[in-house]
Amino acid sequence: MLVTGGNRGIGLAIARAFAEAGDKVAVTYRSGEPPEGFLGVKCDITEPEQVEQAYKEIEEKQGAVEVLVANAGVTRDQLLLRMSEEDFTSVVDTNLTGTYRVVKRASRAMLRARKGRIVLISSVVGLMGQAGQANYAASKAGLVGFARSLSRELGSRNITCNVVSPGFVDTDMTRALTDEQRADIVKQVPLGRYATAEEVASSVRFLASDEAAYITGAVIPVDGGLGMGH
Ligand code: NDP
């Protein structure tokens with residue numbers, strides 16, 4: 001299995017959960033050292049050649065990817081009037097187009113094998129919206145339409161495609177928020193706290209398991225109740 005952005009945060013927790021269950025795990029990383037215990041492949045998902053190279057390396061060393069978790073993502077928050085074209089397109093290029101690149105490449109072998117599991121990591125913000133995150137929310141909402149289209153395209157080949165939609169999770173991404181912003185967020189969450197990355201990972205594991213064989217095109221919220229009704 002492959003987790004993009006599996007070198008830290010939610011992606012690392014997902015990689016660990018699969019490795020603990022005995023799966024062969026590959027993770028992408030962009031700089032520094034890959035985390036121990038997995039096959040680390042260097043890959044920036046905004047670069048099509050690097051995506052191709054990463055898959056070649058994984059296929060050589062671990063065989064075809066049967067479970068893909070498209071987790072890599074970025075934020076570049078700014079209010080609309082101050083949001084540059086580059087702020088917008090770079091977030092969409094990573095979160096949405098980058099996901100297209102890795103899913104498309106994985107689907108080749110999955111179609112041949114007539115089985116596969118694809119899980120995309122979206123966000124509660126994709127459906128609720130968030131001031132200052134129009135670029136991020138658009139990219140994350142886009143993943144839902146993308147996944148649902150693929151569910152229809154790939155379902156007859158026994159390939160499922162689902163979305164996990166976390167609320168606020170304690171990682172580097174949210175550590176960038178001020179204490180005041182964090183306190184405001186927690187007030188709106190029925191469960192009154194942030195999620196741990198492991199709590200997101202367990203839903204991803206479920207969607208890749210035999211027990212979830214009949215679930216496709218679903219959006220699973222892991223958000224402490226924040227997005228209820230969406
Ligand atoms: P982090 O910022 O901790 O990690 C982001 C990961 O994505 C890193 O591994 C990073 O790699 C990787 N990444 C970013 N851009 C690229 C790229 N161009 N190519 C390859 N890898 C890339 O974030 P989280 O762990 O918090 O987030 C993981 C996912 O979960 C994201 O998609 C995020 O949007 C989503 N999410 C997070 C929430 C939260 O509250 N934290 C809530 C809802 C959704 P590198 O180390 O090389 O930078």
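Yeah, the Cβs are placed from backbone N, Cα and C, and that goes for glycine too.
So that you can see what the record holds, here are the features copied from TrEMBL:
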type     : residues                                                              : note
DOMAIN   : 2-172                                                                 : domain 'Ketoreductase'
BINDING  : GLY5, GLY6, ASN7, ARG8, ASN71, TYR136, ALA137, ALA138, SER139, LYS140 : NADP(+) binding site
ACT_SITE : TYR136                                                                : active site, proton acceptor
Number of Cβ atoms other than its own within 10 Å, given for GLY5 (NADP(+) binding site): 26
Most distant Cα pair in Å, residues GLY5, GLY6, ASN7, ARG8, ASN71, TYR136, ALA137, ALA138, SER139, LYS140 binding NADP(+): 25
For TYR136 (active site, proton acceptor), nearby residues of its own chain (Cβ under 8 Å, 6 or more apart in sequence): THR75, ARG76, ASP77, VAL91, ASN95, SER123, VAL125, GLN130
Lowest local Cβ density (other Cβ within 10 Å) among binding-site residues: ASN7, ASN71, SER139: ASN7
CB contacts for ALA137 (NADP(+) binding site) [other CB atoms within 10 A, all chains]: 21
Contacting binding-site residues for ligand 1, chosen from GLY5, ASN7, ASN71, ALA137, SER139 when the Cβ sits under 6 angstroms of any of its atoms: GLY5, ASN7, ASN71
Average pLDDT across the domain 'Ketoreductase' (2-172), rounded to a whole number: 97
GLY5 (NADP(+) binding site): secondary structure state under DSSP, collapsed to three categories: coil
